[in-house]
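Chemist: Sharing a structure with you now.
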């Protein structure tokens, strides 16, 4: 007996055991990454947003797929169906749950990624394309969810062969869903690339950002492999042919959660590296705050616009900022100017203050001025940045 189902227990094959161990490790890493993602948001003082909530919702779904994979291990996976026929009904019931969880989990992850785009990017073209893609994913997900219940009439025939009914080609539906899944993945990954390359930053930083967003290609590769294994799935020999599809399906969900959360940990990793701490001490605001200020962690296009939310990849911007600063020759002993000079060298690698103005380097100090309306009641706010360099 196993839980709510009665089934005949079988020895766990080594390959099935290895698959479960691998997915346990990936799931652990995914849960850890999401936990660190939430921690990073709180440490930065930013509130969780819808992209964070959706990825948190995806975590129990990924764990659920791992649990079902674990329950399958001693139910005869890898053995001929003739030997496991006694377990067919509970296996098929769990397969229905497996399909539903996969459908909702993969959709939740995709929507989380696109909501992240909406939080970070201000480019109107990208935002419109993202919203259209979100609508397509919602429709696609709804169709996937409904096909689980509509493929067999009556529905009970999908998990009980003793019930006479009519079922469509389940394997073909799995492959079709997987193919559309890959198409939507590639579409989502490609959405921000043009905007990233339009940002005012060093080429190396653009390549780094592109690589971060391209982490999702790993999941695309797993999706392709899963489809290939699905072509070998035979419902008349289910337990014997489900070893690899079962493995890749659970891996795809949890690996996607991991890959989606990794880019959000840039701030945390940057704070843990000695170079970032040294860089933060070189560039300080009036209260001793480092470059983790809000001016350094937002994506802006060439017009200088920025979003109102923090972006967790500011470590990349720090590197770009240091590169820009190192490229300028700072004069010694030059008096600080009270106004921004057109002739003063500027740091344009996306390093802009909260008012959206560029940091002006004038001698050994950098100052930005924000002037309100020029009248007798005007309030002038001055932010002074001090930059020091070390020669080794």
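Heads up, the Cβ atoms here are built off N, Cα and C, so glycines get one too.
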Chemist: Have a look at 246-276, 277-307 and point to the one annotated region 'Disordered' in TrEMBL.
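Modeler: The listed stretch tagged region 'Disordered' in TrEMBL is 277-307.
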Chemist: Taking 211-239, 327-355 as the choices, which stretch does TrEMBL tie to region 'Disordered'?
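Modeler: The range carrying the region 'Disordered' annotation in TrEMBL is 327-355.
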